[in-house]
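Taken from TrEMBL as is:
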- 42-61: compositional bias 'Polar residues' (COMPBIAS)
- 75-84: compositional bias 'Polar residues' (COMPBIAS)
- 91-108: compositional bias 'Low complexity' (COMPBIAS)
- 115-174: domain 'LIM zinc-binding' (DOMAIN)
- 234-293: domain 'LIM zinc-binding' (DOMAIN)
- 294-352: domain 'LIM zinc-binding' (DOMAIN)
- 21-108: region 'Disordered' (REGION)
Amino acid sequence: MSQKTKEAAAHASKQLDELMASLQQLKLQQQPPTGGKLPYNQHLQPTSSPSAQRSPLSQKASAFVDEPVDEVTKPRQQTPTDNTHYPRKQSSSNSTSSRPNSSDVTSPRMGYRGSLCLHCNQPVIGKVITALGGVWHPEHFNCAYCRKNVVEEFFYEHDGAPYCTECHLSLFAPKCAFCGEAIVDRCLEAMGYFWHPDHFFCQGCHTPFVDNATAHEHQGKVFCPNCYYSKFGERCGGCQKPITDAYITALEQPWHEDCFKCKDCGLKLTGRSFYAENGYLYCEQHYRRNLGMVCAACQEPISGSRCINALGNRYHPQHFVCTYCLRQLSTGTFKERLGKPYCDSCFRQLFG
């Protein structure tokens with residue numbers, strides 16, 4: 001028990017002795033009439049202080065002085081509450097406090113004056129602070145983190161313990177994802193982060209997000225669609241511009257639908273066979289033409305493995321015929337005159 005508490009208890013005991021002596025003398029001087037009612041002897045019974053309303057907003061503690069009582073019984077010595085466990089600087093859901101709440105307060109015994117301080121678990125005699133569902137010695141009503149006295153200041157409650165404004169903001173207020181400062185007024189929550197309204201803008205072009213604007217997150221920063229796709233989006237294998245809509249995957253890279261076409265003729269290749277050469281797309285005809293795989297007779301590409309190589313050109317087997325009689329020459333010998341093929345019969349007939 002502290003020295004102040006001992007002195008207060010001794011003073012109260014002395015007052016009690018004087019009061020009891022006065023009552024005894026009064027009893028000897030006056031006897032109650034026979035059959036009459038005894039005079040009413042008023043005793044002020046100790047009552048628990050009203051609990052302060054717990055509010056998420058700041059509040060102020062109320063203070064009052066107890067009235068004198070007729071007798072005081074010295075309370076049993078109790079173990080003080082450990083007050084060295086402060087909340088960690090984490091989110092409000094994870095922080096803890098060693099302060100008891102209103103359900104932890106022990107009611108005083110009969111003849112005991114006042115309740116127990118929620119901080120030191122000792123009786124409160126004299127001036128008392130009523131807050132957070134219990135009573136406190138004025139000198140013990142301090143911020144649970146920095147120990148600053150908050151009797152005459154606004155305070156915040158968290159897990160049954162008082163906090164000054166500065167510590168409550170530092171420990172439990174949401175932090176802006178842009179500036180890292182505590183948010184004390186309006187707050188925006190987007191993409192798993194909290195933001196000051198003035199700080200929720202594109203980190204590329206600094207355009208603020210309004211209404212239902214679309215935003216994209218990259219490494220904790222927020223971007224509008226244009227800046228996001230320009231900086232981090234995949235690029236088309238044809239035009240090398242960012243892809244922001246539907247696309248086609250070919251050759252292990254994405255393509256705009258309008259860019260997925262033959263390089264030479266512009267034929268759309270969606271749903272068609274295509275060929276790639278040096279990173280470019282070709283339809284079958286232009287791919288084989290570029291490789292020299294075109295029939296010299298019909299000028300169509302030669303597909304498959306069957307091909308006639310003759311006179312420095314390539315032919316479909318069915319198109320390599322005698323220039324005069326048009327008989328197919330792929331199964332026999334032929335003669336050549338001025339770059340044209342002839343069968344033996346027509347060659348002798350025409351040129352002797």
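From the backbone N, Cα and C atoms, a Cβ is placed for every residue, glycine too.
Curation plays no part in TrEMBL annotations; they are all automatic predictions.
Worth saying up front: this structure is predicted, and the values here are computed from it rather than measured.
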*DSSP helix, strand and coil counts for the domain 'LIM zinc-binding' (294-352)?*
11 helix, 17 strand, 31 coil
*Note the mean pLDDT of the domain 'LIM zinc-binding' (115-174), expressed as a whole number.*
88
*Counting by DSSP, what is the helix, strand and coil composition of the domain 'LIM zinc-binding' (115-174)?*
11 helix, 21 strand, 28 coil
